[in-house]
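> First the structure, which I've put down as structure tokens, then a few questions once you've had a look.
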């Protein structure tokens, strides 16, 4: 299980491995996924029941969308297999130094996301205990059942408390793993850049045949990186589309809710919701933007290499790499829009515009 020992990815993969989401298949997978899926169905049913009560709908919709994304993220095993394959295909020594730099970044992001998610989830769960009336952490509706009569209320509350743990372990590591996957792609891209800049510096007396073999390997590495980013995009693009639409709408709705509530505890909770949405989306778009920018920098690295006194066949191979690098490697939203910082800014602008429109109509 080489993937478990990779420091760049191990934090998230070990969480999934414990719950049997990846690498193994046992009872833990069904004990976690099936109850969370059933809870999510009841949460959407409660949205239908509460339609018209704008405050209740906004809060419950946030959790319903969050748990829906957790269930959708069940595609993560294919992503882990993709990374595991790429790990076996890299044999360049330079990657060791690059992994050291990016591993620290990936582990800090993963651990901080888990800690933040656990803290805020704990706040979600215990908040109803301080409201002075019976309430559940997540709204749910079961036809013919009164959620607030004993012993149903106690049973449902404990059930939601328990299911919060696998729910967090399904979704929060996914956001971190997506970030780690893009960092892994960055390691490969920067390795290729280094090799292109130094492909002839070690031995200036290398013959044309040797240099041709080196360049052929670099072209193969470039093609492997292209396949890796394309496969990554195929696995996450529609999940990113769901999150783009749902979190954009929820950000607008939560801003509106923040504008109409007056209880300080509720303001703090809604502020925590908004902070979680922004941090999750920003992590996605920041690192996807880095992959895009660094993939185009491959052309600059190839041009910066020692190509002035080499044979024309070597120059032609370098020219092919430069031409291909003009097309950026992108992770997209629904195979339509690239995930860049400009797209992130557009999402924030659109959410705020709809918020101001909604506030004006409500007033």
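Every residue gets a Cβ built from N, Cα and C, even glycine.
Predicted automatically and left uncurated, TrEMBL annotations should be read as such.
TrEMBL feature annotations, pasted as is:
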{"type": "TRANSMEM", "residues": "30-51", "note": "transmembrane segment"}
{"type": "TRANSMEM", "residues": "57-87", "note": "transmembrane segment"}
{"type": "TRANSMEM", "residues": "108-130", "note": "transmembrane segment"}
{"type": "TRANSMEM", "residues": "155-174", "note": "transmembrane segment"}
{"type": "TRANSMEM", "residues": "235-257", "note": "transmembrane segment"}
{"type": "TRANSMEM", "residues": "263-286", "note": "transmembrane segment"}
> Name the range, of those listed as 108-130, 155-174, 263-286, that has the largest tally of Cβ pairs under 8 Å with the transmembrane segment (30-51).
155-174
> Is the transmembrane segment (155-174) packed against any residues at least 6 beyond its ends, judged by a Cβ distance under 8 Å, and which are they?
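Distant contacts of the transmembrane segment (155-174): 11-12, 15-16, 18-19, 21, 31-33, 35-36, 39, 66-67, 69-71, 73-74, 76, 110, 113-114, 117-118, 121, 124-125, 128, 136-138, 140, 147.
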